[in-house]
Each structure stands twice: as C-alpha cells, then as structure tokens.
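Student: Take a look at what TrEMBL says about it:
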- Glu105: active site, proton acceptor (ACT_SITE)
- Ser28, Gly29, Ser30, Thr31, Asp83, Gly84, Ala85, Asp86, Lys96, Gly97, Gly98, Gly99, Lys123: substrate binding site (BINDING)
Amino acid sequence: MGAERQKAHAAAAALGYVESGMTLGLGSGSTAEIFLRLLGERIKDGLDVRGVPTSQRTAEVARENGVPLIEVDHVDHLAVTIDGADEVDGRFQLIKGGGACLLREKIIAHASDLMVVMVDESKLVDTLGKFPLPVEVDPFGFSLTAKQIYDALKKAGVNAPDVQLRRKGDGLAPLITDGGHYILDCACGAIPDAALADRYLKEIPGVVEHGLFLGLARVVIVGEDSEARVMEL
Ligand SMILES: O=C(CO)[C@H](O)[C@H](O)COP(=O)(O)O
C-alpha cells in the first residue's frame, strides 16, 4: 500500500514536466501506468500531447486512457521520456527491465531530450545490484551467452553473479520480450563499477541490451508517503 501511494505521488509530480505540443516517451511498469492514467485525465482537460509506448502493454494502457500514440518511426524528436525504474543510485544510474521492456525503454530514453524517472523510496540504493540485473539476449546460443555474461560480470568486479533465464508465469517456457528476445536475470548482490559492467556486457555478441541505464536520467522523482521529492542533476 505504501509503495503504491508513493508511486502515485511520483507520477503526479512527473506531470509537471509535460507541456502541450510535446511528443513523449511512455515508459513501462506499474508506476508508468499510474502516470498514464493521470496523463489521460489532463488530455481530457485539453492537454495536447502524443506518446511513443515502450511496450505493448503500455500501448494498451495508453489507449484505454485516451493518450494519443504515434508510431516510433514517424517521430524524429522526443521531448521527455517518463519512466519507472527498479533501482536508482545517488548518481542517477538505474537498473531497469524488471518488466522485460528495457530495450525499447533504452532506445526511447536515449532519443529523448530529457529522461524523468519516477520511483518509490524502496528503489533508492547506495550501490546498484540488489535487484537482479536483466540482460536481454538473442535466443540463439543463449546458454553460451549466459556463460559470457557471468565472466563479464566477474571481470567487472561482481563477486558471484548468478545468471538465470527468466521464465513465463508457468515457470517453464522462457519469457519472450516484445522484441522477440530472452531475458537473463543476473543476481549480483552489488555492482561495484556499473560503467565497467556496461562496457564488458556490450562486448558480448549475444547481448542485445542490458538494464543498466547510465547517464540517461537527469530528473528523479521519489514518491514519499505524503508528497514527492524532485531531484535534478
Ligand atoms: O524497467 C521497467 C520495466 O522494464 C520498470 O520501469 C521497472 O520494472 C519499474 O516498475 P514498477 O514501476 O512496476 O516498479
């Protein structure tokens, strides 16, 4: 209950970064969905924006709430991306991908002038890595890729990474992302040097993208029990 209330406060504060005429990147996850509901209300009151969804689920929720969508390939500029995160450290480095949408989220955040992140207090950490790092991989040879990810994380200073294929709710079939890939969840405990992990993971051919978002977020909104705290870099 506490986290839901905090997410709602963060989502409401994120509306402060939205202006008529903007094309928005629409993030994925439960906090992003609260934001979409609030955005839909503003649109009914006359706000004129359109959004590029970062997942099929976000596209569905946007439509349900009357948020106009635009095809990603019809857009040459995004003003603001508004998204959630699984972890945020003091340098606004993030872990994302708990909802398996990290590839599209990163493409859209990277193409945006500004990334605004909304989190509840539980997502704030001193060092990234308590939340297992999601890595999106090509299904071909994923076991080989998993071994290389293990080695890369070790080389980046992670003590004992544990790399597990994410499965669907039935616990059997691999979860398939919107882009047709697998997710390998890497329990790290702590990632002492996120930039190094980023560099080594990117060198692996089977890795499509990973959930470390470094140097992208410039605004972090932390929902608290009675209000939201806005932090800007
Ligand atoms: O990265 C994400 C999806 O890929 C989400 O932003 C992240 O998992 C946070 O989700 P929630 O707002 O439900 O806590």
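First residue shown is number 1, and so on along the chain.
Cβ coordinates are placed from backbone N, Cα and C, and glycine is handled just like the others.
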Student: For Ser28 (substrate binding site), what is the tally of other C-beta atoms lying within 10 angstroms of its C-beta?
Tutor: 29
Student: At the Cα level, what's the spacing in Å between Ala85 (substrate binding site) and Glu105 (active site, proton acceptor), rounded?
Tutor: 10
Student: Between all pairs in Ser28, Gly29, Ser30, Thr31, Asp83, Gly84, Ala85, Asp86, Lys96, Gly97, Gly98, Gly99, Lys123 (listed as substrate binders), what's the biggest Cα distance, rounded to the nearest Å?
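Tutor: Among the residues the record ties to substrate, max Cα distance equals 16 Å.
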Student: For the recorded substrate site, enumerate neighbouring residues of the same chain (Cβ within 8 Å of the Cβ centroid of Ser28, Gly29, Ser30, Thr31, Asp83, Gly84, Ala85, Asp86, Lys96, Gly97, Gly98, Gly99, Lys123, site residues themselves excluded), in sequence order.
Tutor: Gly27, Ala32, Cys101, Glu105
Student: Could you find out if DSSP has Gly98 (substrate binding site) as helix, strand or coil?
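Tutor: DSSP call for Gly98 (substrate binding site): coil, neither helix nor strand.
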Student: These are the binding-site residues: Lys96, Lys123. Which one scores highest on other Cβ atoms within 10 Å?
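Tutor: Compared across Lys96, Lys123, the most Cβ atoms within 10 Å surround Lys96.
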Student: In whole Å, how far is Glu105 (active site, proton acceptor) from Gly98 (substrate binding site) when you measure between their Cα atoms?
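Tutor: Per the Cα atoms, Gly98 (substrate binding site) and Glu105 (active site, proton acceptor) stand 12 Å apart.
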Student: Using the alpha carbons only, what distance in Å do you get between Asp83 (substrate binding site) and Glu105 (active site, proton acceptor) once rounded?
Tutor: 8
Student: According to DSSP, which kind of secondary structure is Ser28 (substrate binding site) found in, if we only use helix, strand and coil?
Tutor: coil
Student: Mind giving me a neighbour count for Gly98 (substrate binding site)? Other Cβ atoms within 10 Å of its Cβ, every protein chain shown.
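Tutor: Within a 10 Å radius of the Cβ of Gly98 (substrate binding site) lie 20 other Cβ atoms.
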